[in-house]
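Student: One structure follows; several queries about it will come next.
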Amino acid sequence: MNVSRCRIIAVGKVRKGWVQEGVELYLKRLPGLTVVELKDSSREKEAEAIRAALRSDELPVMLMEQGTPLASIPFAQRLERLGNERLAFVIGGADGLTDELKAAARWQLSLSPMTFPHELARLLLLEQLFRAQAILQGSPYHRA
């Protein structure tokens, strides 16, 4: 897994200090990972901004409650199988993603069957990306 080939496209700012601390911690642990932060707006305007932010060479991974849930090891294995594919993990705003964006996803991922605020979803995704990297490198960080 090459995190420099991954981006997170997220609607909304991280407003809670404790969440921002966690985000900064994992971004330091994942050098090369980029976060593109988009402005909160209507769902349709957010979808337009997401489409504009996506690169043509990226595989869009939409984070959504109805997506496929994966435990940490299968998540790491899937990232490893994707090899050098460029990935864009997309986190929608408070109203979620449009049906059009969901349909355009090559991969629909669920972090949990529960719903989280978008800023918390960003932190959870960063931690899971770090954990996936640790699993693939044989690091003792993952102790399941």
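Including glycine, each Cβ sits where the backbone N, Cα and C put it.
Okay, so Swiss-Prot annotates it like this:
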type: BINDING; residues: GLY92, LEU111, SER112, PRO113, MET114, THR115, PHE116; note: S-adenosyl-L-methionine binding site
Student: With an 8 Å cut-off on Cβ-Cβ distance and a minimum sequence separation of at least 6, pull the same-chain contacts of PRO113 (S-adenosyl-L-methionine binding site), or say none.
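Tutor: In sequence order, the residues whose Cβ lies under 8 Å from that of PRO113 (S-adenosyl-L-methionine binding site) (at least 6 apart) are GLU65, PRO69.
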Student: Looking at the binding-site residues GLY92, SER112, MET114, PHE116, which sits with the largest number of other Cβ atoms within 10 Å of its Cβ?
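Tutor: The most densely surrounded of these binding-site residues is GLY92.
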Student: For the binding-site residues listed here (LEU111, THR115), tell me which residue's CB has the most neighbouring CB atoms inside 10 Å.
Tutor: LEU111
